[in-house]
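Here's the structure we're looking at; comments come further down.
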Amino acid sequence: MIRDFNIADEKGVGYYVGLITSCFALAQLMTGIHWGMLSDRIGRRPVILQGLVGTITSILLFGLSKSFIWALLSRSLCGLLNGNIGVLKSMVSELTIDHLPHQRAQAFSLLPLMYGLGSIIGPMLGGFLSHPVTSYPSVFGNLGALTDFLTEYPYFLPCFISAFVCIFGLVFGIFYLQETHVVHHEKKDASNDEEEALLADRSNRSTDSHYSTFQTNASTGTVKVQDSRTPTLYSPPTLRESLTPSVMAICITYGFFALQAVFMDELFPLYTASSRENGGLGFSPNEIGIALSFAGVITLVGQLFVLPALTKKYGLLRLFQMVLFSCIFLYLSQGIIRTLYYVPDFHGEINTKFWVWVGLLVSVTIKTISHTICFTSCIILVNNACPRVDALGAVNGFSQCCASAMRAIGPAICGVVWSLSLSSTIIPYQIRINITFVVLAVISAVTFVLSKKLNAKDYETAHAREEVVHLKQDDQASEEAGNSRIH
């Protein structure tokens, strides 16, 4: 698309692609907390559905792009109108609040798993369906006005297919998505029970289904049950009440891990595609695509099998810290892969890619599983640290903002460090080709140090679960109080 805009030569295309990529993260940085707090106020379900509407609108506008500014604005609009990433984390947390840690890990792992699948399928659709008139003239070449439209907007078809998938999700959500927010879910149950109670005989009211709403107790910081026949005005906690020191600590750690992850993701194609003279591996685009596809398969294995098993064995926080520590050495060892060109293969020949491929795939496997574990662990630790069940939206929105901020600056930092290190004439060659990996290892070391400052008791179990227990214990007392007020 950037090439078709004719605004840069081949070397400058990456700069504009980076701007479009970063604008989405910047937009989410500005609105992530807003959508999270709104979901605390009105419920998760309406925010999720609105986010799908925003995605449908923005992606169709993106398909109509004929200039860089239009593409930039439509992509930014997608980030502004969609806060579903943080809200979905809140929904999974509420659905698994009474589950064991390894079960929560398995449930939360589905989020990056679906994202990984989308990251594989999406680019394929974009590549195959863009410029459909010239790519598939036998299908789209003689459709009259539609052919003219697709000729003028060659990227609309893949965007339309993506929008159609979102429309399907929207319709499915309207009919089948249930509210998980404890307050609004109970309000719905309360209204149903109230209708039943009105039809019941007064003498049998004490045996009717109990219906309740929630009321915030400012002195204790917990959510209390109150009989629905007593008018109450529910108010979610403020952002200051939600962002406790333990929440802030894990969100900052999450942000630094997001920085090292996006740094590595940006560095991988630069490193593998660069010539051997410039410190790279000299791989072709097809070979890089094979490596990325291999990473996608490893992601599936890591999410479904490795993460739950290791979480059950080591515990969430300890596993997170162990993997972060190993990442330091993983990043430092990346520069060794290029030296495998000089290792003889089974035929005694050097300068072949056999051992380079072996080293790269081993590195990709370790990196993919490590990032899978760390990302999912961060999400769960953030939710475990949340002080109140009705603050999950705000907390997840804030954590998403921290990650988005780092994802916005990470690609730029990587590009600058890579370019400056290779263009330096003062630093010796064997040192400057490894500078970028050293910088990445330093970021990983900082993240590890931050993780060691986390107190296990603040993160190993969901604090919001305690509120649910208290709510159940207070249920009978609340009902009796409500009945006494009526009589």
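Yeah, the Cβs are placed from backbone N, Cα and C, and that goes for glycine too.
Taken from TrEMBL, the feature domain 'Major facilitator superfamily (MFS) profile' covers 1-459.
Residues or ranges marked as region 'Disordered' in TrEMBL: 193-212.
Among the features that TrEMBL reports, transmembrane segment is placed at 13-35 (among others).
Summarising the annotation, TrEMBL assigns transmembrane segment to 47-64 (among others). Long-range Cβ contacts of the transmembrane segment (47-64) within its own chain (Cβ-Cβ under 8 Å, at least 6 residues beyond either end) map to 35, 38-39, 70-71, 74-75, 77-78, 80-84, 87-88, 91, 153, 155-160, 162-163, 166-167, 169-170, 173-174, 177, 393.
Under 8 Å from some Cβ of the transmembrane segment (113-133) lie the Cβ atoms of residues 1, 139-141, 147, 150-151, 154-155, 157-158, 161-162, 293, 296, 299-300, 303-304, all in the same chain and six or more residues away from its ends. Taken from TrEMBL, the feature transmembrane segment applies to 113-133 (among others).
Using a Cβ-Cβ cut-off under 8 Å and counting only residues 6 or more beyond its ends in the same chain, the transmembrane segment (153-177) has close neighbours at 1, 4, 45, 48-49, 52-53, 55-56, 59-60, 62-66, 122, 125-126, 128-134. Per TrEMBL, transmembrane segment is recorded for 153-177 (among others).
If you look up TrEMBL, you'll see 247-268 (among others) marked as transmembrane segment.
Taken from TrEMBL, the feature transmembrane segment applies to 288-310 (among others).
The transmembrane segment annotation in TrEMBL covers 322-342 (among others).
Residues or ranges marked as transmembrane segment by TrEMBL: 354-382 (among others).
Beyond the ends of the transmembrane segment (408-427), by six or more residues, the same chain brings 14, 18, 21-22, 25-26, 29, 258-259, 262-263, 266-267, 270, 278-279, 433, 435-436, 439 to within a C-beta distance below 8 angstroms of the stretch. For 408-427 (among others), the entry in TrEMBL reads transmembrane segment.
Under the heading transmembrane segment, TrEMBL lists 433-450 (among others).
Annotation: stretch 354-382 has the most Cβ pairs under 8 Å to the transmembrane segment (322-342), among 13-35, 247-268, 354-382, 433-450. Counting residues 6+ beyond its ends, the transmembrane segment (433-450) has Cβ neighbours under 8 Å at 249, 252-253, 256-257, 259-260, 263-264, 267, 271, 278-279, 321, 324-325, 327-329, 331-332, 334-335, 414, 417-418, 421-422, 427 in the same chain. Outside the transmembrane segment (13-35) by six or more residues, the chain places 2-3, 5, 7, 47, 51, 68, 71-72, 75-87, 239, 393-394, 397-398, 400-401, 404-405, 407-408, 411-412, 415 with a CB less than 8 A from a CB of the stretch.
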